[in-house]
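Enquirer: After the structure tokens below, expect a handful of questions from me.
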């Protein structure tokens, strides 16, 4: 609590009707004779308790708008309140700016690794090749060999026993039934026909020369038939 305050019992009147409060400290000895009087005003002025320098309005009365060392009235209270609110607003603004800066820095820290990953160039030899699906990356990479299950091989052998050449529609049906691609069915049948030709040629050579000629003619017919079938599929 401040030691300076306005005491109505210590005011004195001037000729113009204005009250003038002398700037005297609370612990001053000049207040001691006046503290026990109930009256104030003209009687206090007649007693002349204070010396003449304290009655000079030019020296003691503050007319400027700036706050003096003893200006503790209502205006100063509101000024302090406004200053306190401004300080709080500045503090809140500083806190929000700090939080925004932290969020921005964290976002930059997150996006930096992603940018680094995107900027890394991946070459074909760095990618992994799937040997089971037969899908490889790069033109110079050798495709992996497809591994067929026992059930798939059995169904394909049955189909090959009845039809050595498949139409596109039948190939799609078998691929959907065996969970394979159309290309895998086509490659399997091509390989199976080549194997069948070799087996037929081998049996013909073992049986005799005449049989070998007939086997060769049959092999040539099979090759021509295969070529025509592939041309039809391309069309």
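Backbone N, Cα and C atoms are what each Cβ position is placed from, and that goes for glycine too.
Checked Swiss-Prot, it gives:
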type	residues	note
DNA_BIND	141-200	DNA-binding region
COMPBIAS	219-235	compositional bias 'Basic and acidic residues'
REGION	200-235	region 'Disordered'
MOTIF	122-127	motif 'Antp-type hexapeptide'
Enquirer: Quick one: DSSP breakdown of the DNA-binding region (141-200) into helix, strand and coil?
Expert: 43 helix, 0 strand, 17 coil
Enquirer: Across the DNA-binding region (141-200), what does the pLDDT come to on average, as a whole number?
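Expert: Average per-residue pLDDT within the DNA-binding region (141-200): 90.
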